[in-house]
Amino acid sequence: MKVKVISRSTDEFTRERSQDLQRVFRNYDPNLRTQEKAVEYVRALNAVKLDKIFARPFIGAMDGHLDAISCMAKNSNQLKYIFSGSMDGDIRLWDLASRRTVCQFPGHQGAVRGLSVSSDGRTLVSCGTDCTVRLWNVPVATFMDSGDSSKKSVEAESVYVWKNAFWACDHQWDGEHFATAGAQVDVWNHNRSQPIHSFQWGTDTVISVKFSPGDPNLMATSASDRSIALYDLRMVTPVGKMIMMTKTNSISWNPMEPINFTAANEDCNCYSYDYRNLSEAKCVHKDHVSAVMDIDYSPTGREFVTGSYDRTVRLFQFNGGHSKEIYHTKRMQRVFCVKFSGDGSYVISGSDDTNLRLWKAKASEQLGVILPRERKTHEYHEAIKKRYKHLPEVNRIARHRHLPKPIFKASALLRVMANARRRKDERRKAHSAPGSITTQPLRRRRIIKQVE
């Protein structure tokens, strides 16, 4: 008879110090651990439930504006600061870490409609309904980090007066040009008091403009005639145009896939497009129950945040049809602007109640210093949640969200209306001549026509 003797070196399992972890020997042979899958399933259930218990996304509100917040801008060179503009002409620079105003930029006589920061982080561009474009020097970090608690004021470096009110502005990701939207699309240089290019297609007001992160000369605009247009600074005429059934309020490009952009629409949905093919949306993102007012992509390009007239903030996967998170408070009113922080860890929303609100991008994320053992535990929980996410109970707990009563009722009503519309279409198709009625997918149904 052969006898196997277990032999272990003393150095392998003896601790050098009493603070060290005790070495544990494990045999991962599946025949010895028949209940491993059941144990892991229970752990996945507990991990999902713990996520719900620790889901505290709201960090704090930043109060100071006297009117509704209409726009925001982040500085790519300064991680913890964000600019906000309000309907009374006030522009403020906020420190997200201390949640206080660092300095103010007085000067606008009407609502501030657009804010953007240059690619080098030194110049802030603002425009508004008072028909002016103002350029400001962004304070340096040492000036902002000084211990003085009094709010500092910064004077405008340049003021350009134009013929019409402005609705939005955006700066090139890499370059010295910026664009403004109003009665037409104007492209400006920092050193010139008049536009160097002007684009006009139709007669309606352009309400948003965004430069592509991949091509500094390409920009997308949306107008009040329900159109989305693409412009190239190297060409005299626009590149292309698409007309939808409802108006698009805001546009955001995917920073990691700069051929794709997502449009926030009045019909409660967001539509992701490939700018090379505007005849069909790549994905339709549903769940809002009122007009989507603003949208912004995470720096990772894997998710984006939307703010809506229904007083909620939602987070979507870049290819997800439904939202993965919904943020709301009792006091938050209609959300007009949203932004991801520079590192993608936080979301900032500006609403009609004069407050900026700071949220965690991941609702149950642990803030502060995380020990190595805690980090490993979090990673293990994420891994088993991903492994068992297809099982009904895990999926049900992960998807469930408590909604405010008005949102819940409006969602139910929209579902009833959609089902009624679908049944009506099916019956009309069944009682018509074969081939006389064709059903279009939602990705194409909202597009009226494409103009080249």
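Just so it is clear, glycine is given a Cβ too, placed from its N, Cα and C backbone atoms.
These figures come from a predicted structure and were not determined experimentally.
For the compositional bias 'Basic residues' (421-431), the residues of the chain that approach it from at least six positions outside its boundaries are 437, 439, judged by C-beta separation under 8 angstroms. Feature annotation from TrEMBL assigns compositional bias 'Basic residues' to 421-431 (among others).
Residues or ranges marked as compositional bias 'Basic residues' in TrEMBL: 442-452 (among others). Note on the compositional bias 'Basic residues' (442-452): residues 226, 240-246, 265, 267, 269, 271, 278-284 of its chain, located 6 or more positions outside it, place their CB under 8 angstroms from a CB of the stretch.
Per TrEMBL, the feature domain 'Sof1-like protein' maps to 361-447.
The region 'Disordered' annotation in TrEMBL covers 421-452.
If you look up TrEMBL, you'll see 62-104 (among others) marked as repeat 'WD'. Broken down with DSSP, the repeat 'WD' (62-104) shows 0 helix, 24 strand, 19 coil.
Residues annotated as repeat 'WD' in TrEMBL: 105-146 (among others). Under 8 Å from some Cβ of the repeat 'WD' (105-146) lie the Cβ atoms of residues 70-78, 81, 83-93, 95, 152-176, 178, 180-181, 188, 190, all in the same chain and six or more residues away from its ends.
Residues or ranges marked as repeat 'WD' by TrEMBL: 285-326 (among others). Break the repeat 'WD' (285-326) down by DSSP state and the numbers are 0 helix, 22 strand, 20 coil.
What TrEMBL records for 328-369 (among others) is repeat 'WD'. Under DSSP, residues within the repeat 'WD' (328-369) fall into helix, strand and coil as 0 helix, 18 strand, 24 coil.
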PLDDT averaged over the residues of the repeat 'WD' (62-104): 93
